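Undergrad: Got a structure for you, written out below as C-alpha coordinates; questions coming shortly.
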Amino acid sequence: MSPRTAIGLVLAGGLVTALLWQRTAGFSAFTYETWRRVEVAREPVAVSDWRLQDAQGDFVRLSDWRDETLLVGFIYTSCPSVCVAIGSRYQQLQRTLQANPSTDVHLLSISIDPARDTPEHLAEYRRRHAGLQSSWTVARPADAQVLGDMIRETGLRVIPDQLGGFSHSESLHWIRDGQLLRISDWRDPELEKMITDGG
Amino acid sequence: MAAEPWRGAARTILLAVSVAGLFPPVAALFEASMRSHLLVQMPLLAFCGGYWVYRSPPLKRWLERVDPSGYIALVVGSGWFIYWMLPISLDLATFDPGIRLLKIVTVPVCVGAALTWSWLRLGPIGRGVMLLEGWAILGRLGWVYLISPVQLCSNYLIDDQQRTGSLLLGAALISAVGIALWAVFGPFRKPHRTEQE
(Lines of atoms letter the chains of each structure in order from A; the text may use other names.)
(Lines give C-alpha, C1' and ligand atoms only; values in the text may rest on other atoms or scores of the structure.)
Protein backbone atom coordinates (compact mmCIF):
# COMPACT_ATOMS: atom_id res chain seq x y z
CA MET A 1 0.00 0.00 0.00
CA SER A 2 1.43 3.34 -1.03
CA PRO A 3 1.76 6.11 1.56
CA ARG A 4 -0.75 8.12 -0.47
CA THR A 5 -3.33 5.39 -0.18
CA ALA A 6 -2.64 5.09 3.55
CA ILE A 7 -3.19 8.81 4.06
CA GLY A 8 -6.31 8.68 1.90
CA LEU A 9 -7.65 5.78 3.95
CA VAL A 10 -7.06 7.56 7.25
CA LEU A 11 -8.72 10.71 5.93
CA ALA A 12 -11.70 8.82 4.50
CA GLY A 13 -12.10 6.80 7.68
CA GLY A 14 -11.93 9.95 9.79
CA LEU A 15 -14.48 11.75 7.65
CA VAL A 16 -16.91 8.86 7.65
CA THR A 17 -16.60 8.45 11.42
CA ALA A 18 -17.14 12.19 11.91
CA LEU A 19 -20.19 12.04 9.68
CA LEU A 20 -21.76 9.17 11.62
CA TRP A 21 -20.77 10.81 14.91
CA GLN A 22 -22.48 14.05 13.91
CA ARG A 23 -25.68 12.36 12.66
CA THR A 24 -26.10 10.15 15.72
CA ALA A 25 -25.12 12.86 18.22
CA GLY A 26 -22.00 10.99 19.29
CA PHE A 27 -23.34 7.47 18.58
CA SER A 28 -26.15 7.99 21.09
CA ALA A 29 -29.17 8.61 18.86
CA PHE A 30 -30.06 6.22 16.07
CA THR A 31 -33.73 7.13 15.79
CA TYR A 32 -35.32 10.51 15.22
CA GLU A 33 -37.06 10.42 18.60
CA THR A 34 -33.86 9.91 20.59
CA TRP A 35 -32.05 12.44 18.43
CA ARG A 36 -34.75 15.01 19.25
CA ARG A 37 -34.23 14.37 22.96
CA VAL A 38 -30.46 14.77 22.69
CA GLU A 39 -30.79 17.97 20.66
CA VAL A 40 -33.19 19.61 23.11
CA ALA A 41 -31.08 18.56 26.09
CA ARG A 42 -28.12 20.22 24.38
CA GLU A 43 -29.93 23.44 23.56
CA PRO A 44 -33.46 24.38 24.72
CA VAL A 45 -35.91 25.32 21.99
CA ALA A 46 -38.19 28.38 22.10
CA VAL A 47 -41.88 27.63 21.70
CA SER A 48 -44.54 30.22 20.95
CA ASP A 49 -47.43 31.01 23.29
CA TRP A 50 -49.82 28.26 22.14
CA ARG A 51 -53.50 29.13 22.44
CA LEU A 52 -55.46 26.13 23.69
CA GLN A 53 -59.02 25.22 24.57
CA ASP A 54 -59.37 23.15 27.72
CA ALA A 55 -61.89 20.52 28.77
CA GLN A 56 -64.18 23.22 30.22
CA GLY A 57 -64.27 24.95 26.83
CA ASP A 58 -62.18 27.90 28.16
CA PHE A 59 -59.33 29.33 26.12
CA VAL A 60 -55.92 29.33 27.78
CA ARG A 61 -52.35 30.07 26.77
CA LEU A 62 -49.04 28.54 27.79
CA SER A 63 -48.12 31.86 29.43
CA ASP A 64 -51.04 31.37 31.85
CA TRP A 65 -48.75 28.94 33.70
CA ARG A 66 -46.03 31.52 34.01
CA ASP A 67 -44.25 30.34 37.13
CA GLU A 68 -44.85 26.67 36.56
CA THR A 69 -43.08 23.95 34.63
CA LEU A 70 -45.42 22.21 32.22
CA LEU A 71 -45.09 18.52 31.51
CA VAL A 72 -46.71 18.29 28.08
CA GLY A 73 -47.80 15.04 26.45
CA PHE A 74 -49.48 14.81 23.08
CA ILE A 75 -52.50 12.53 22.82
CA TYR A 76 -55.81 12.03 21.06
CA THR A 77 -58.75 10.73 23.01
CA SER A 78 -59.85 7.97 20.62
CA CYS A 79 -56.32 6.50 20.71
CA PRO A 80 -56.57 2.87 21.80
CA SER A 81 -52.99 2.22 22.90
CA VAL A 82 -50.24 4.57 23.93
CA CYS A 83 -52.41 7.54 24.94
CA VAL A 84 -54.15 5.25 27.43
CA ALA A 85 -50.76 4.30 28.83
CA ILE A 86 -49.67 7.95 28.97
CA GLY A 87 -52.96 8.74 30.72
CA SER A 88 -52.24 6.11 33.36
CA ARG A 89 -48.72 7.48 33.75
CA TYR A 90 -50.13 10.98 34.28
CA GLN A 91 -52.47 9.49 36.86
CA GLN A 92 -49.41 8.21 38.78
CA LEU A 93 -47.59 11.51 38.35
CA GLN A 94 -50.63 13.33 39.66
CA ARG A 95 -50.37 11.33 42.89
CA THR A 96 -46.77 12.49 43.17
CA LEU A 97 -47.93 16.07 42.68
CA GLN A 98 -50.56 15.68 45.41
CA ALA A 99 -47.97 14.26 47.78
CA ASN A 100 -45.67 17.22 47.08
CA PRO A 101 -47.93 20.28 47.02
CA SER A 102 -44.97 22.66 46.96
CA THR A 103 -43.77 21.48 43.55
CA ASP A 104 -44.54 23.80 40.64
CA VAL A 105 -45.09 21.23 37.90
CA HIS A 106 -48.39 21.17 36.01
CA LEU A 107 -49.53 18.31 33.77
CA LEU A 108 -50.81 19.21 30.34
CA SER A 109 -52.16 16.81 27.74
CA ILE A 110 -52.68 18.34 24.32
CA SER A 111 -54.77 16.69 21.64
CA ILE A 112 -53.31 16.32 18.17
CA ASP A 113 -56.79 15.60 16.79
CA PRO A 114 -58.61 18.88 17.54
CA ALA A 115 -61.33 18.19 14.96
CA ARG A 116 -62.68 15.19 16.87
CA ASP A 117 -61.49 16.01 20.38
CA THR A 118 -64.18 18.40 21.56
CA PRO A 119 -64.01 19.69 25.15
CA GLU A 120 -66.52 16.95 26.10
CA HIS A 121 -64.17 14.25 24.79
CA LEU A 122 -61.23 15.90 26.55
CA ALA A 123 -63.15 15.99 29.84
CA GLU A 124 -64.09 12.34 29.38
CA TYR A 125 -60.40 11.41 28.80
CA ARG A 126 -59.40 13.07 32.04
CA ARG A 127 -62.28 11.49 33.91
CA ARG A 128 -61.26 8.07 32.60
CA HIS A 129 -57.84 8.59 34.20
CA ALA A 130 -59.22 10.15 37.40
CA GLY A 131 -57.53 13.42 36.51
CA LEU A 132 -57.91 16.45 38.73
CA GLN A 133 -58.53 19.81 37.15
CA SER A 134 -56.19 21.53 39.59
CA SER A 135 -53.04 19.74 38.49
CA TRP A 136 -53.85 18.27 35.09
CA THR A 137 -55.15 20.22 32.10
CA VAL A 138 -56.41 18.39 29.04
CA ALA A 139 -56.72 20.70 26.04
CA ARG A 140 -56.75 20.95 22.28
CA PRO A 141 -55.07 23.55 20.05
CA ALA A 142 -57.41 26.49 19.43
CA ASP A 143 -57.01 26.25 15.67
CA ALA A 144 -55.06 24.52 12.89
CA GLN A 145 -52.40 27.23 13.00
CA VAL A 146 -51.57 26.43 16.64
CA LEU A 147 -51.47 22.71 15.85
CA GLY A 148 -49.00 23.43 13.03
CA ASP A 149 -46.86 25.64 15.28
CA MET A 150 -46.79 22.99 18.00
CA ILE A 151 -45.67 20.30 15.59
CA ARG A 152 -43.06 22.51 13.93
CA GLU A 153 -41.58 23.96 17.11
CA THR A 154 -41.28 20.72 19.04
CA GLY A 155 -40.27 18.61 16.03
CA LEU A 156 -43.16 16.26 16.79
CA ARG A 157 -44.00 13.70 14.11
CA VAL A 158 -47.64 12.80 13.58
CA ILE A 159 -48.62 10.38 10.83
CA PRO A 160 -52.02 8.78 10.14
CA ASP A 161 -52.21 5.07 10.95
CA GLN A 162 -54.39 2.60 9.07
CA LEU A 163 -57.12 2.59 11.70
CA GLY A 164 -58.24 6.19 11.26
CA GLY A 165 -56.03 7.37 14.11
CA PHE A 166 -52.48 8.62 14.39
CA SER A 167 -49.03 7.36 15.13
CA HIS A 168 -47.28 10.07 17.08
CA SER A 169 -44.39 10.85 19.36
CA GLU A 170 -44.88 9.33 22.80
CA SER A 171 -42.41 11.60 24.55
CA LEU A 172 -43.20 14.07 27.30
CA HIS A 173 -42.05 17.66 26.93
CA TRP A 174 -40.86 19.89 29.80
CA ILE A 175 -41.78 23.48 28.97
CA ARG A 176 -41.14 26.53 31.13
CA ASP A 177 -41.35 30.23 30.24
CA GLY A 178 -41.71 29.55 26.52
CA GLN A 179 -38.72 27.21 26.42
CA LEU A 180 -38.79 23.52 25.66
CA LEU A 181 -36.13 22.40 28.13
CA ARG A 182 -36.14 18.65 27.97
CA ILE A 183 -37.89 15.69 26.36
CA SER A 184 -38.45 12.56 28.44
CA ASP A 185 -39.73 9.09 27.78
CA TRP A 186 -43.12 8.56 29.49
CA ARG A 187 -41.79 5.25 30.82
CA ASP A 188 -38.84 6.97 32.51
CA PRO A 189 -38.88 5.92 36.20
CA GLU A 190 -37.04 9.15 37.03
CA LEU A 191 -40.10 11.30 36.19
CA GLU A 192 -41.35 11.29 39.79
CA LYS A 193 -37.98 12.44 41.05
CA MET A 194 -37.81 15.13 38.36
CA ILE A 195 -41.24 16.36 39.43
CA THR A 196 -40.33 16.59 43.10
CA ASP A 197 -37.15 18.41 42.04
CA GLY A 198 -39.40 20.94 40.33
CA GLY A 199 -38.83 19.76 36.74
CA MET B 1 -20.95 5.66 -28.72
CA ALA B 2 -23.26 7.10 -31.33
CA ALA B 3 -24.08 3.57 -32.42
CA GLU B 4 -25.71 2.98 -29.06
CA PRO B 5 -28.17 5.80 -28.48
CA TRP B 6 -30.06 3.67 -25.94
CA ARG B 7 -27.17 4.11 -23.52
CA GLY B 8 -27.58 7.84 -23.66
CA ALA B 9 -31.31 7.41 -23.17
CA ALA B 10 -30.81 5.03 -20.24
CA ARG B 11 -28.47 7.51 -18.61
CA THR B 12 -30.95 10.35 -19.08
CA ILE B 13 -33.82 8.31 -17.66
CA LEU B 14 -31.77 7.22 -14.62
CA LEU B 15 -30.68 10.77 -13.96
CA ALA B 16 -34.22 12.09 -14.39
CA VAL B 17 -35.68 9.53 -11.97
CA SER B 18 -33.00 10.35 -9.38
CA VAL B 19 -33.38 14.09 -9.59
CA ALA B 20 -37.18 13.79 -9.66
CA GLY B 21 -36.87 12.33 -6.14
CA LEU B 22 -36.20 15.88 -4.97
CA PHE B 23 -39.62 17.14 -5.97
CA PRO B 24 -42.55 16.67 -3.62
CA PRO B 25 -44.93 14.51 -5.73
CA VAL B 26 -42.24 12.00 -6.75
CA ALA B 27 -40.56 12.22 -3.33
CA ALA B 28 -43.90 11.44 -1.69
CA LEU B 29 -44.32 8.44 -3.98
CA PHE B 30 -40.89 6.98 -3.16
CA GLU B 31 -41.06 7.88 0.52
CA ALA B 32 -44.67 6.80 1.08
CA SER B 33 -43.61 3.53 2.64
CA MET B 34 -40.40 2.37 4.24
CA ARG B 35 -40.24 -0.47 1.73
CA SER B 36 -40.26 1.77 -1.32
CA HIS B 37 -37.89 4.24 0.32
CA LEU B 38 -35.26 1.76 1.44
CA LEU B 39 -35.74 -1.01 -1.12
CA VAL B 40 -36.72 0.84 -4.28
CA GLN B 41 -35.41 4.41 -4.22
CA MET B 42 -32.10 3.79 -2.46
CA PRO B 43 -31.03 0.86 -4.71
CA LEU B 44 -32.15 2.85 -7.76
CA LEU B 45 -30.01 5.82 -6.73
CA ALA B 46 -27.05 3.58 -5.93
CA PHE B 47 -27.47 1.85 -9.28
CA CYS B 48 -27.27 5.25 -11.02
CA GLY B 49 -23.86 5.85 -9.42
CA GLY B 50 -22.64 2.38 -10.33
CA TYR B 51 -23.81 2.81 -13.91
CA TRP B 52 -21.97 6.12 -14.05
CA VAL B 53 -18.68 4.47 -13.04
CA TYR B 54 -19.14 1.71 -15.62
CA ARG B 55 -19.97 4.06 -18.47
CA SER B 56 -17.73 7.04 -17.92
CA PRO B 57 -14.08 6.63 -19.00
CA PRO B 58 -13.08 10.09 -17.66
CA LEU B 59 -14.46 9.18 -14.22
CA LYS B 60 -12.61 5.87 -14.33
CA ARG B 61 -9.38 7.66 -15.23
CA TRP B 62 -9.86 10.06 -12.34
CA LEU B 63 -10.59 7.23 -9.90
CA GLU B 64 -7.59 5.34 -11.20
CA ARG B 65 -5.43 8.29 -10.27
CA VAL B 66 -7.01 9.04 -6.89
CA ASP B 67 -7.77 5.58 -5.59
CA PRO B 68 -6.03 2.88 -7.62
CA SER B 69 -6.55 0.20 -4.94
CA GLY B 70 -10.27 0.86 -4.38
CA TYR B 71 -9.74 0.83 -0.60
CA ILE B 72 -10.65 4.49 -0.07
CA ALA B 73 -13.82 4.01 -2.11
CA LEU B 74 -14.65 0.99 0.05
CA VAL B 75 -14.33 2.97 3.28
CA VAL B 76 -16.35 5.90 1.92
CA GLY B 77 -18.97 3.59 0.40
CA SER B 78 -19.42 1.48 3.56
CA GLY B 79 -19.64 4.57 5.77
CA TRP B 80 -22.37 6.18 3.70
CA PHE B 81 -24.11 2.82 3.31
CA ILE B 82 -24.39 2.58 7.09
CA TYR B 83 -25.43 6.25 7.29
CA TRP B 84 -28.41 5.70 5.01
CA MET B 85 -29.43 2.54 6.86
CA LEU B 86 -29.94 4.43 10.13
CA PRO B 87 -33.61 5.01 10.99
CA ILE B 88 -32.86 8.65 11.77
CA SER B 89 -31.43 9.34 8.30
CA LEU B 90 -34.41 7.66 6.70
CA ASP B 91 -36.76 9.78 8.81
CA LEU B 92 -34.99 13.09 8.22
CA ALA B 93 -34.86 12.50 4.45
CA THR B 94 -38.66 12.42 4.37
CA PHE B 95 -39.21 15.86 5.86
CA ASP B 96 -35.96 17.80 5.83
CA PRO B 97 -35.28 19.12 2.28
CA GLY B 98 -31.55 19.48 3.03
CA ILE B 99 -31.23 15.84 4.05
CA ARG B 100 -33.32 14.80 1.05
CA LEU B 101 -30.88 16.62 -1.24
CA LEU B 102 -28.01 14.93 0.61
CA LYS B 103 -29.65 11.59 -0.14
CA ILE B 104 -30.12 12.29 -3.85
CA VAL B 105 -26.46 13.34 -4.15
CA THR B 106 -24.64 10.98 -1.81
CA VAL B 107 -26.43 7.69 -2.43
CA PRO B 108 -25.41 7.58 -6.11
CA VAL B 109 -21.97 9.13 -5.62
CA CYS B 110 -20.77 8.01 -2.20
CA VAL B 111 -22.56 4.64 -2.06
CA GLY B 112 -23.25 3.46 -5.62
CA ALA B 113 -20.23 4.81 -7.44
CA ALA B 114 -17.80 4.26 -4.55
CA LEU B 115 -18.80 0.65 -3.91
CA THR B 116 -18.84 -0.14 -7.63
CA TRP B 117 -15.33 1.25 -8.02
CA SER B 118 -13.97 -0.73 -5.09
CA TRP B 119 -15.71 -3.85 -6.43
CA LEU B 120 -13.97 -3.34 -9.77
CA ARG B 121 -10.57 -2.92 -8.13
CA LEU B 122 -10.72 -5.58 -5.43
CA GLY B 123 -9.55 -9.13 -5.94
CA PRO B 124 -11.65 -12.21 -5.16
CA ILE B 125 -10.93 -12.06 -1.41
CA GLY B 126 -11.85 -8.38 -1.19
CA ARG B 127 -15.02 -9.05 -3.13
CA GLY B 128 -15.84 -11.95 -0.86
CA VAL B 129 -15.42 -9.75 2.20
CA MET B 130 -17.60 -7.06 0.60
CA LEU B 131 -20.37 -9.55 -0.13
CA LEU B 132 -20.24 -11.11 3.33
CA GLU B 133 -20.28 -7.73 5.02
CA GLY B 134 -23.13 -6.58 2.78
CA TRP B 135 -25.21 -9.62 3.68
CA ALA B 136 -24.33 -9.18 7.34
CA ILE B 137 -25.54 -5.57 7.30
CA LEU B 138 -28.75 -6.48 5.48
CA GLY B 139 -29.30 -9.41 7.82
CA ARG B 140 -28.67 -7.49 11.03
CA LEU B 141 -30.78 -4.55 9.97
CA GLY B 142 -33.56 -6.74 8.62
CA TRP B 143 -33.61 -8.67 11.88
CA VAL B 144 -33.72 -5.49 13.99
CA TYR B 145 -36.58 -4.10 11.91
CA LEU B 146 -38.41 -7.40 12.04
CA ILE B 147 -38.26 -8.07 15.77
CA SER B 148 -38.15 -4.56 17.24
CA PRO B 149 -41.25 -4.07 19.40
CA VAL B 150 -41.00 -0.29 19.01
CA GLN B 151 -41.49 1.85 15.97
CA LEU B 152 -37.97 2.93 14.98
CA CYS B 153 -38.89 5.47 12.32
CA SER B 154 -41.20 8.26 13.40
CA ASN B 155 -42.52 8.43 9.85
CA TYR B 156 -43.21 4.76 9.23
CA LEU B 157 -45.65 2.53 11.05
CA ILE B 158 -44.46 -0.60 12.80
CA ASP B 159 -46.09 -3.05 10.37
CA ASP B 160 -44.33 -1.29 7.49
CA GLN B 161 -41.10 -1.60 9.47
CA GLN B 162 -41.62 -5.34 10.05
CA ARG B 163 -42.42 -5.94 6.38
CA THR B 164 -39.28 -4.00 5.42
CA GLY B 165 -37.32 -6.20 7.83
CA SER B 166 -38.62 -9.39 6.20
CA LEU B 167 -37.85 -8.01 2.74
CA LEU B 168 -34.29 -7.09 3.78
CA LEU B 169 -33.75 -10.59 5.16
CA GLY B 170 -35.28 -12.03 1.99
CA ALA B 171 -33.02 -9.92 -0.20
CA ALA B 172 -29.94 -11.02 1.76
CA LEU B 173 -30.99 -14.68 1.58
CA ILE B 174 -31.87 -14.69 -2.12
CA SER B 175 -28.69 -12.90 -3.15
CA ALA B 176 -26.60 -15.18 -0.93
CA VAL B 177 -28.16 -18.33 -2.40
CA GLY B 178 -27.87 -16.90 -5.92
CA ILE B 179 -24.21 -16.03 -5.54
CA ALA B 180 -23.42 -19.34 -3.84
CA LEU B 181 -25.01 -21.18 -6.78
CA TRP B 182 -23.10 -19.01 -9.20
CA ALA B 183 -19.85 -19.65 -7.34
CA VAL B 184 -20.35 -23.41 -7.40
CA PHE B 185 -21.91 -23.95 -10.80
CA GLY B 186 -21.18 -20.73 -12.67
CA PRO B 187 -18.26 -19.95 -14.95
CA PHE B 188 -16.06 -19.31 -11.95
CA ARG B 189 -12.49 -18.67 -12.98
CA LYS B 190 -9.40 -18.27 -10.88
CA PRO B 191 -7.81 -14.91 -11.52
CA HIS B 192 -4.68 -14.91 -13.65
CA ARG B 193 -5.28 -18.47 -14.83
CA THR B 194 -4.84 -17.40 -18.44
CA GLU B 195 -1.48 -15.88 -17.55
CA GLN B 196 -0.31 -19.08 -15.87
CA GLU B 197 -1.38 -21.34 -18.72
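FYI, residue positions are counted from 1 along the chain as it appears here.
Glycine too: its Cβ is placed from the backbone N, Cα and C atoms.
TrEMBL lists B:38-54, B:66-86, B:98-117, B:129-147, B:167-188 with the feature transmembrane segment.
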Undergrad: Same chain, outside the transmembrane segment (B:167-188) by at least 6, Cβ under 8 Å from its Cβ: which residues?
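TA: Apart from its flanks, the transmembrane segment (B:167-188) reaches 35, 38-39, 131, 135, 138-139, 141-143, 145-146.
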Undergrad: Who are the chain neighbours of the transmembrane segment (B:38-54) in space, where the CB to CB distance is under 8 Å and they lie at least 6 residues beyond its ends?
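TA: Apart from its flanks, the transmembrane segment (B:38-54) reaches 10-11, 14-15, 17-18, 21, 30-31, 60, 63, 84-85, 90, 103-104, 107-117, 120, 164, 167-168, 171.
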